[in-house]
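According to TrEMBL, the protein has these features:
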type	residues	note
ACT_SITE	Cys23	active site, nucleophile
BINDING	Cys262, Cys408, Cys459, Cys462	[4Fe-4S] cluster binding site
BINDING	Ser309, Asp371, Asp372	Mg(2+) binding site
DOMAIN	23-247	domain 'Glutamine amidotransferase type-2'
Amino acid sequence: MARGDGTLSHDLLPGEKGPQDACGVFGVFAPGEEVSKLTYYGLYALQHRGQESAGIATSDGSQILVYKDMGLVSQVFDETSLEALQGHIAIGHTRYSTTGGSIWSNAQPTLGPRPDGTVALAHNGNLVNTEELLALVEERHGGQSRGEIARGNTTDTALVTALLNTEGSLEDSLAEIMPRLHGAYCFTLMDERTLYAARDPQGIRPLVLGRLERGWVVASETAALDICGASFVREVAPGEMLVIDEQGLRSRQVIEPKPKGCVFEYVYLARPDTRIAGRSVNESRAEMGRRLAREHPVEADLVIPTPESGTPAAIGYAQESGIAYGQGMVKNAYVGRTFIQPSQTIRQLGIRLKLNPLREVIAGKRLVVIDDSIVRGNTQRAVVRMLREAGAAEVHVRISSPPVRWPCFYGIDFASRAELIANGLDTEEIARSIGADSLGYISEEGMIAATEQGRGALCTACFSGEYPVSLPDPVARAQGIPASANSAPLEHRTVKEPA
Ligand code: SF4
């Protein structure tokens, strides 16, 4: 669909936004390397995590330069801009907005003053206590906004940048502020001489450390290490800070880890060629498909994915069920990358901008269509209608995650609670609403088992309502979460359906 800035988003239909990730981060310390180009390719590998803006900051040891703009990594940077970004330290960011709108002043990395220089910060995740942090900024700076906040940056990242402007080393400032941040954060940050990385104590979003021959890389996903030739070393631990300078790499466990990795990274968000907590994302998705086939079998002729995100689970479903696998729809992968507004005629075709059926494959067949999730249901309704128009005899929809009933506050923009189709309708009603002959969701247990992680080490809040980091009451109220359900201790608050 067309956005206000004239670009087409990845949304299939007006009013139907799929789950959106909240950014990718990258950092590199590598004397003798072209760090801006390493960061460019790292961000290229993380483009799926955010397509609204991109930015890179570099330092040569004495000065930080930053270049950022709205658009995709390939639209923002060219040889000339990368050439200007000299140095041996760099951080980079691709953005999808959660806190703060999609405008230039909210693009990252953010820059802020420090007593001894400048800090540049890139953030993946979303903080839930921004009101508290804003009050802290005002308390510390006497109500006078400085830096990016004064220039109109409305993000939680700008608040953190402002709070890093304290006496002492940047390392100590970061260690001091980390325990005051509630929610999800993976940071890459730098001053003129040092690269830092930090992860929230729940480790909600992924962050990994890699080794180059002449330096170190930190990135949201292992796929970004692969693209720049870095070997995987380990994950940045929840609650850990890394400090990388000419002396090498140091680690500081700032907060006791309480791991709660986002299960939706395995379902949809991360690239299939990424590994999280030692588990291949592609293999997790294929296993979700195999389990889905056992939990919700159906007599059919062909298993097809909703491309691309449903593909590994569809392969798994076909393997387990013995039903043939085929490609029944072709995705136009570049639709989200044009600045040309669709004409009225094209817009009315809706989903055809993005997906087109292969009639000769699906005509007369009983289909099993595999998708990763249902948010509002508009996409699945359009897919089912399109497949029937193309001659499908039956359309059975299978979903490789449980019903999404709760909003995410940790960096994924699903929809408000009222907009979620599974918040109010049961599975049969949803099947009727989207026009499917049958509908089956994988169980929560099946999804978790496919990740090979313990239930206690995962956030499943959008499915279960169990929020691992407490929500300030105004935030919960704004999203329709009952106040009575949001009164558990700050560290672990569980939200249940009202009786
Ligand atoms: S609420 Fe859902 S999407 Fe958000 S962090 Fe938890 S599991 Fe991930």
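Please read every residue number as a count from 1 along the shown chain.
For all residues, glycine too, the Cβ spot is worked out from N, Cα and C.
Curation plays no part in TrEMBL annotations; they are all automatic predictions.
Where TrEMBL records a feature, it is marked here on the structure.
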residue: Cys23; record: active site, nucleophile; Cβ within 10 Å: 27
residue: Cys262; record: [4Fe-4S] cluster binding site; Cβ within 10 Å: 28
residue: Ser309; record: Mg(2+) binding site; Cβ within 10 Å: 22
residue: Asp371; record: Mg(2+) binding site; Cβ within 10 Å: 22
residue: Asp372; record: Mg(2+) binding site; Cβ within 10 Å: 24
residue: Cys408; record: [4Fe-4S] cluster binding site; Cβ within 10 Å: 24
residue: Cys459; record: [4Fe-4S] cluster binding site; Cβ within 10 Å: 25
residue: Cys462; record: [4Fe-4S] cluster binding site; Cβ within 10 Å: 27
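Within 8 A of the CB centroid of the [4Fe-4S] cluster site residues Cys262, Cys408, Cys459, Cys462, the other residues of that chain are Ile204, Val263, Phe264, Tyr410, Ile412, Thr460, Ala461.
In the three-state DSSP assignment, the secondary structure recorded for Asp371 (Mg(2+) binding site) is strand. Taking Cys23, Cys262, Asp371, Asp372, Cys459 as the candidate recorded positions, the subset whose CB lies under 6 angstroms from any atom of ligand 1 consists of Cys262, Cys459. A Cβ within 8 Å of the Cβ centre of Ser309, Asp371, Asp372, the residues given for Mg(2+), is found for these other residues of the same chain: Val267, Tyr268, Pro305, Thr306, Gly310, Ala313, Ile370, Ser373, Ile399, Ser400. In the three-state DSSP scheme, Ser309 (Mg(2+) binding site) falls into the coil class.
Mean pLDDT for the domain 'Glutamine amidotransferase type-2' (23-247) in this predicted model: 92. Cα-Cα distance from Cys262 ([4Fe-4S] cluster binding site) to the residue listed as 'active site, nucleophile': 14 Å (rounded to the nearest whole number). When the C-alpha distances from Asp372 (Mg(2+) binding site) to the recorded positions Cys23, Cys408, Cys459, Cys462 are tabulated, the minimum falls on Cys462. Geometry remark: Cys462 ([4Fe-4S] cluster binding site) versus Asp371 (Mg(2+) binding site), CA distance 17 Å. A separation of roughly 20 Å, to the nearest angstrom, links the Cα atoms of Ser309 (Mg(2+) binding site) and Cys408 ([4Fe-4S] cluster binding site).
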